[in-house]
Amino acid sequence: METERMIEDTIPPQVTSLTCLDSGVRPAPSSAAYAAERDACLNFFSRWNETDQVEFVEQLLARMCHYQHGHINAYLKPMLQRDFISMLPKKGLDHVAENILSYLDASSLCAAELVCREWQRVISEGMLWKKLVERKVRTDSLWRGLAERRGWIQYLFKPKPGCQHPSHSFYRQLYPKIIQDIRSIEDNWRMGRHNLQRINCRSENSKGVYCLQYDDNKIVSGLRDNTIKIWDRKTLQCVKELQGHTGSVLCLQYDERAIISGSSDSTVRVWDVNTGEMLNTLIHHCEAVLHLRFCNGMMVTCSKDRSIAVWDMTSTTEILLRRVLVGHRAAVNVVDFDEKYIVSASGDRTIKVWNTSSCEFVRTLNGHKRGIACLQYRDRLVVSGSSDNTIRLWDIECGQCIRVLEGHEELVRCIRFDNKRIVSGAYDGKIKVWDLPAALDVRTPHQDLCLRTLVEHTGRVFRLQFDEFQIVSSSHDDTILVWDFLNYGGASPRDGAAGAAGAAAGALPRPRSPDAPLPRPRTPDHDRDLYD
């Protein structure tokens, strides 16, 4: 009978009784009567159909005690295990086994290699470690960035014509090296270990670097001398200067086509990102344009005139005003948006939320005790920095303040966050790195939230951006600093090429102590009145 054959085929030879399982020795029958009764029961059992057999076993198990159930469980466990890979036909179905094992994470894949030679063969011939690394690179920006910066991305995905990828052992050895690299980067962030590059932007008329954005090839900065300067990432030299604004360049953003900048001359200007040619000038605001954001054919600008302008962008030369949002009672210092909400912050101490599609007002977030200088919004989270020296985390849907971060000694001027950390810069000249998951957990003590304070700027920190490997910041001290957490070599911070030129002229300041007072600005700051 089928059931009987299955039982006979799967009973391990070393386990033949429900008792004395540890010794593996079969006990002698209690009596000849027991043996005869047992054989009779088995004879009856073999005559029944499968449904009756199952019903009989259920009745039998119901009459046993808990101790006996434990023996039954130990007896059945090896019988229920199946080596699904070894049971597949030897030829033609390896791809099925590879596909199943390709869903394993690294620790499970390590364990699978140790099961037997057949599993190890499938993992090796299927290049499953290579596929695991490729999956990480596709789905994780940290892995993607590391692959590009370390150069091992050339060994992933489809090889170039005429080239072959390394063997499985290469990827087996590569994976733990990547993990160690990632751990080193995280340790560098937590310990504040970095290599420092310095761009000296000082010129005859420069009195500060108000805004910036960067990629792997360039840094684009807006200066108080009315210019936009583009710097080469490798040489740290200025490769292009855009002139046209008649006031300080207070904000900018660029993509693959255009740079869009806002100025204290009340205009928004559009520039060709490759040639530097001015393509368009938008005149709407009647006072300084303090911040702007654009994405997916839409741009939002805000101004010292207390208004927010929403623009439709068909092209770089066709940008039309859609709606003007009013409601703030002081200068609107910063805006951010996605497909659901526009979020604005003002010197009137409030954050206002607007519907992106209809431009209708939704709610106000109240809590800061002085004017708000900066914010970032993503998903449900808003993080804001204020002239009250604090950072607040908000749930945009309910308007509740989740956490207040304290530590800066002066106005918090710039703030950015990702999934792991918040980075803030302030008028005390300090950049602070905060643990975002810990900040979102109300049980975490306040003293555990700030991971590191970075002190190199000798003036107010105006703007910063960061990614998994670096922070790029700008300051009233006329410098742009690149804090590199990837390539830390244990040496003291080094200056870049442009900074070295300034050092030769005796212009570069020395790093200051975290407790040292910040030197007073050389000139009054144009935005002193915006945040209160």
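Note that Cβ sites are derived from N, Cα and C of the backbone, with glycine treated the same way.
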Stretch carrying region 'Disordered' according to TrEMBL (options 191-228, 495-532): 495-532
Same-chain residues at least 6 beyond the ends of the repeat 'WD' (405-444) whose Cβ lies under 8 Å from its Cβ atoms: 189, 192, 373-376, 378, 381, 383-387, 389-393, 450-455, 457-468, 471, 473, 475, 483, 512, 514, 518, 531
Close approaches to the repeat 'WD' (325-364) from elsewhere in its chain (Cβ under 8 angstroms; 6 or more beyond its ends): 287, 290-293, 295-296, 298, 300-310, 370-378, 382, 384, 386, 394, 396, 399, 529-532
Whole-number mean of pLDDT values that fall within the repeat 'WD' (282-321): 97
